[in-house]
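As written in TrEMBL, here are the features:
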type	residues	note
ACT_SITE	263	active site, proton donor
ACT_SITE	393	active site
ACT_SITE	504	active site, proton donor
ACT_SITE	539	active site
BINDING	624	Ca(2+) binding site
DISULFID	461-490	disulfide bond
REGION	18-39	region 'Disordered'
TRANSMEM	80-97	transmembrane segment
């Protein structure tokens, strides 16, 4: 074998295993005394002794003129193959020793996905992975509900308006899911209190315990919460409520009682329709149809329904001459959807006739109507107070939402909505007199002289969400600017209250310039003049959710989280949540939990911390009680 001197670049040495020396090794006899036997040959075989007998090593490094690799050692083809086998064996050994920890990690991930899917908690899901129900659940039922909540079966030709959310950072995901869990736990606390102390009744008394029946005694909180249970993944609790509906829900217990038409439609009819859309449980549609037929009794040959209605047809009598705008203008989503699902056009015909009569009206403020309206086509209204608050609010909301539900086909709803928004922007918008344009309120307007008072109800805060959606659908960017300003004004009412909770109505001192108001640096609104109660209303949270879904801006999540923390600190009781008699007096409980707290307030909080595929604005339209109606 050819040998090279150590000084040659890239020199090669052949190891003599038997003698332990290379002819050119500095420890060979030519260079002096050899090293001890223990050290001879140890460097080349140090990593191999543990896996191969010495004899094998000897054969492996036998001299062979058929060299294929040159370096510190020379190896032939057979030797190369053996080296590869040894390396493969070592790799296999490493994989085997680590497989158990890897399998444990995979098991933990699978378990977490199961838990997250079971409660509809947002997770980063690989779409190829199948849905897995938690133990004890009917997997097919749970999967169906999970997918329906995420838009299965929805269809619309309208353009998509939700923000195209990018993948969130790990830090944001952890924070969001922590908040989501806190909201879900809060709902569970309130639902448990209702189940234990007011099951089958309208409302729980959250301070003293017990219940009260203010909305027909049909179990308003239960029916109002059905879709929230499904959205939050409380499948077992939903099934319990469904059994009660099947076996105990009875609308004929008091057939002659005078029921509130508006509240019955938005809470009960809306609740049944939405829960059916999210689950496909036929009994819910049956109940909705039964209730819809009873609600037809309110018309009695008129275009507008009376404010009170009885289940028994003969118990409905007497003429009605004046009607509340919000009450007659907030049945369209429910009645139209009921016709779609039952193939019975009577409900939709009633709903469309109302809007036809209202749409023919004229006034001193184009598109804006008074709180009380007449069932007369082409009527002219003058000298009235215009607002987007109580008794009129949801009429404007449904102009836009009926257009969405009907897939944009009847243009009259869009035209009327845009006309209304134009008048709101022209006459109602008020800014602080310090010159800030960061926030605004929508005041109360006198139609005759166009003077506006700096007075905004909590109910009016929904308008920010409607303005934002309209801006996206109708390409009106200035409406989105106003939506942000109004939502900020509503949020500041919360931020500056002593409890962090917004009042029923904020009143301000007039500013020096027209359409301005004085925003106090410490209290924001005038506490002495304002209505300071809080009945667990959702409208500010509603608009924060809509703006978050349309803009993707995290600040809206942060504002909602601040409000939730204030609710936890000041409204949570041992059994549920209570409204307040004064938002500037901590824990001034009113001992009431409206059914809409679980139907709306907690739902909007949950949705703002969910992934955006949960009740997407591109798949559903929500009624005024936050019941998602499927767009088909």
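Cβ atoms here come from the backbone N, Cα and C positions, even for glycine.
Considering only the recorded positions 263, 490, 504, 624, residue 393 (active site) has 624 as its nearest partner by CA-CA distance. Among the recorded positions 461, 490, 504, the residue whose Cα lies closest in space to that of residue 624 (Ca(2+) binding site) is 461. Within 10 Å of the C-beta of residue 504 (active site, proton donor) there are 19 other C-beta atoms, taking all protein chains into account. Spacing of residue 490 (disulfide bond) relative to residue 539 (active site) is 9 Å (Cα to Cα, whole number).
A sphere of 10 angstroms centred on the C-beta of residue 393 (active site) encloses 25 other C-beta atoms.
The shortest Cα-Cα distance between residue 263 (active site, proton donor) and any of the recorded positions 461, 504, 539 is the one to 539.
Calculated from their C-alpha atoms, the gap between residue 539 (active site) and residue 461 (disulfide bond) amounts to 5 Å. Residue 624 (Ca(2+) binding site) has a Cβ environment of 25 other Cβ atoms inside 10 Å.
The local packing around residue 490 (disulfide bond), expressed as other Cβ atoms within 10 Å of its Cβ over all shown chains, amounts to 30. Proximity of residue 461 (disulfide bond) to non-local residues of its own chain (separation of 6 or more, Cβ distance below 8 Å) is seen for 486, 487, 490, 502, 539, 540, 542, 543, given in sequence order. The 10 Å shell around the Cβ of residue 539 (active site) contains 24 further Cβ atoms across the protein chains shown. Every protein chain shown contributes to the tally, and the Cβ of residue 263 (active site, proton donor) ends up with 18 other Cβ atoms within 10 Å.
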